[in-house]
Amino acid sequence: MTKSVEGLVSVVLGAQWGDEGKGKLVDLLSESCSVVCRCQGGNNAGHTVVAGGQEYFFHLLPSGIVNPNVLAVIGNGVVVNLQALFQEIDEAVCKGLLDVSSRLRISDRCHLVFDIHQEIDRMEEELRGENSLGTTKKGIGPTYSSKVTRNGLRVCDLMGDWVQFTAKYKELVKYVKRRYPKLGINVEESLEKLSGMVCDSVILINKLVKSKQANILVEGAQSCMLDIDFGTYPHVTSSNCSVGGVCTGLGLSPSRVGRVYGVIKAYTTRVGSGPFPSELLDGIGEFIQKKGCEWGVTTKRKRRIGWLDTVVIRYAHIINDFNALALTKIDVLDDLEEVKIAKAYIDPETGRELDSFPSDSSVLNHVVVVYETLPGWKTSTHGCRVYEELPTAAKVFVETVEKLLNIPIRWIGTGASRDSIIIRSV
């Protein structure tokens, strides 16, 4: 890992529509970190890490917890489903992770996801019919709605007076005019499990930053194009997945954010509905989907496939100002005769190139995409660990992407395992 500026926090963010392979970069960078944090989202996120021959699926736990020397922090911007969290902890322990509970800290300001939120999520998606947003139905959006309307419940409420907590929960149910459901958790057992993990994460993180003794890494969930403000609204998630969410989701000053790393796939994927200019609806897309094992970690839904879209990534760069990029899954493209890169959008009515990323999804749905077409390399890149080992055409692909984006590509993923990665000195 590039040495962090003393006292500053490093951040890993997705620059497409999620599922870029952020977990792999976090796993690599966390080897030289002492603290890894989540700052937003909930168990609608899905990170996969392959370590020691074991495959781990993370939804709420920071994936950097795979490193046994890391303290994992779930920040105040995360919404927490306790059942899902405890199940994830149990599964991680069963797979051999050590001291998970003792290495985990949960902000007492985290809002709680209840079954009522999940039921609202399901019902709202059904009511939308063919205009559904394709949510994970995990109750994340309704929980953030409760937070914004100021009738949500937080971890600190659960840890406080139970009578008051019950009264607040009844008010929540009354507000959304739903029948009082069961919590679906054993409250006393949950309190016992939580007792050693809950803390004021704002104080904890800022003390660690000011001490200049902790190397802190923040792993973003979802991605910039799913950001509630900057994504392809309304087909977005309910939190800020961009660099601003790091500050609000952890209680950090912007001046504490040091390096920001973006993660992109060598192609593009998207789960659920929403505009997707470079989408492939032919046999090539189907081939990439199968070879890349493109199924949602959380939803198990088949991911939509498209060519790498540099218009999207340039827009994400404007918002996040990436210091460097990780390009993942280049090996999935090994068998293709040619590879395309989206480099511009044309307005079909005027014939002119758009000078900015459209905020209106209806406009984005109708843009004409301009592609750069490159020859495929027709040679396996799987497991390559040195840049010079890549076929010439694969290196041309990487360098063309760099040129179109004007951002250095420091890491190149060449397989699922944690050591299938090329680290470039750029």
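The chain as shown is numbered from 1 upward.
Any Cβ shown, glycine's included, is placed from N, Cα and C.
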(message) Going by the IMP site in Swiss-Prot, where Asp19, Glu20, Gly21, Lys22, Asn44, Ala45, Gly46, His47, Thr136, Arg150, Gln222, Arg301 are listed, which of the candidates Thr237, Thr248, Thr268 is also part of it?
(response) Thr237
(message) At a 10 Å cut-off from the C-beta of Asn44 (IMP binding site), count the other C-beta atoms across all protein chains.
(response) 28
(message) Below 8 Å Cβ to Cβ and six or more residues apart, same chain only. Which residues does that give for Arg303 (substrate binding site)?
(response) Asp19, Thr269, Arg270, Val271, Gln289, Glu294, Trp295, Gly296
(message) Of Asn44, His47, Thr136, Gln222, Lys300, which is closest to Thr414 (GTP binding site) if I measure between C-alpha atoms? They're all recorded positions.
(response) His47
(message) Tell me the Cα distance separating Gly18 (GTP binding site) from Arg301 (IMP binding site), rounded to the nearest angstrom.
(response) 14
(request) Write down the Cα-Cα distance for Gln222 (IMP binding site) and Gly18 (GTP binding site), rounded and given in Å. (result) 5
(request) Measuring C-alpha to C-alpha, could you say which of the recorded positions Asn44, Gly46, His47, Thr136, Lys300 are within 10 Å of Lys24 (GTP binding site)? (result) His47
(request) Quick one: give me the count of other CB atoms within 10 A of the CB of Gly18 (GTP binding site). (result) 29
